[in-house]
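Novice: Structure in structure tokens, see below.
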């Protein structure tokens with residue numbers, strides 16, 4: 001083979017190898033494209049486990065579930081239409097209280113990022129229950145927690161997180177700027193009511209689905225304030241109670257009917273010699289019952305009951321088992337204010353069952369410590385101090401605080417009645433303990449007609465923290 005033939009042969013072999021290599025590269029590209037095109041989901045968002053996301057779009061809850069199978073994400077959607085929380089059912093018959101949640105916020109906050117809070121409360125939609133709370137714009141064990149014993153400041157905000165979780169920046173949702181608040185769900189969206197501003201001219205901002213829809217101006221220019229617990233919804237309307245005026249004398253009290261975040265009707269109570277603050281309200285058979293705090297001169301609790309047209313009745317719980325704090329020892333009650341130790345008070349609640357009443361109260365008659373539930377079968381109308389059931393919630397040696405009611409509607413539970421529930425705030429820090437801060441955790445219970453147990457579920461945090469030393 002002469003030199004020219006060698007050159008031609010080598011060139012031909014190189015050309016064949018090049019063509020084969022090019023074909024292999026083209027085949028590899030086609031293979032990658034085909035493999036990518038048959039996958040569904042977003043390959044840039046790898047999910048290590050299943051994840052459910054609930055979004056809200058045009059009055060419809062959209063439940064999106066991402067299922068991770070062999071690095072391939074399949075998106076499934078199930079639309080859950082909004083409902084109207086009717087509130088027409090009666091309260092469920094119950095024999096005791098089953099523990100529902102405990103957030104352990106102070107214990108976790110010694111090392112984790114947990115908000116400094118007060119006035120926590122719980123409210124439920126037809127899909128979920130959430131804990132609402134008033135922050136101080138500060139975290140536990142941080143310098144900004146200093147001086148948070150103060151009730152009203154421009155830094156306080158209403159936020160919420162899933163029930164039973166410690167309130168932190170990572171799981172909490174901003175709701176409103178507020179130093180007094182309420183919230184509830186009508187089956188379509190959350191209504192929030194946040195009061196902020198100066199004592200002599202505060203304004204309540206109403207939001208529906210997170211959007212400002214209305215405002216209410218202080219009408220007596222004397223610390224307008226609201227429930228610090230959930231409002232109550234019946235047939236698409238939500239109802240709340242507000243107070244404006246002295247905390248130690250005759251004040252003014254209004255009930256409001258709110259639809260889709262707008263006030264459609266209000267009524268001022270004609271209630272001389274009554275004092276209503278921080279009402280705990282619930283629906284029962286289409287009407288609203290609120291049990292409140294008398295900070296003026298009653299150691300028993302005042303109540304107001306009204307229908308959807310705001311036609312109302314007023315009274316005091318008659319039982320000789322007194323529900324406020326401070327209070328005298330149990331004795332003979334009154335259907336008006338019981339004066340001994342009637343000054344000051346604490347937010348609380350009761351549930352009416354005919355002539356009977358479940359009374360929640362601190363165990364101590366003088367300090368905010370301990371908690372118990374008492375069934376007085378004649379206590380709504382009778383003045384004796386006889387009761388038939390007592391269930392321990394927090395021991396008298398442990399701190400408690402505010403308490404309030406919430407309900408779970410049949411649309412959530414699947415029952416044919418409204419389940420009564422309550423929460424208890426477990427206050428820690430100032431003014432009773434040697435810290436620079438005041439905060440709290442919470443526990444909650446729901447009524448059941450089955451076995452229950454009395455015990456003590458205290459806050460349990462060991463104080464002081466590092467910041468306090």
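Including glycine, each Cβ sits where the backbone N, Cα and C put it.
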Novice: 294, 298 bind Ca(2+) according to Swiss-Prot; which of 324, 330 goes with them?
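Specialist: So, going by the record in Swiss-Prot, that would be 324.
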Novice: Can you identify, from 13-33, 34-54, the stretch that Swiss-Prot calls transmembrane segment?
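Specialist: That would be 13-33, the stretch labelled transmembrane segment in Swiss-Prot.
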Novice: Of all the recorded positions given, namely 124, 152, 231, 335, which is spatially nearest to residue 446 (disulfide bond) at the Cα level?
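Specialist: In terms of Cα distance, residue 446 (disulfide bond) lies closest to 124.
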Novice: Spatial neighbours of residue 124 (disulfide bond) among the recorded positions 152, 278, 294, 298, 368, 402, defined as Cα within 10 A: which are they?
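Specialist: So the list reads none.
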Novice: Between C-alpha atoms, which of these recorded positions comes nearest to residue 152 (substrate binding site): 88, 146, 292, 298, 421?
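Specialist: Minimum Cα distance from residue 152 (substrate binding site) across 88, 146, 292, 298, 421 lands on 146.
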Novice: Would you list, in sequence order, the recorded positions among 184, 231, 402, 421 whose CA lies within 10 Å of the CA of residue 238 (disulfide bond)?
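Specialist: Neighbours among recorded positions, in sequence order: 184, 231.
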Novice: Check the topological domain 'Intravirion' (1-12) for me and report the mean pLDDT.
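Specialist: Average per-residue pLDDT within the topological domain 'Intravirion' (1-12): 60.
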Novice: I'd like the Cβ neighbour count for residue 324 (Ca(2+) binding site), meaning other Cβ atoms within 10 Å of its Cβ, all protein chains included.
Specialist: 27
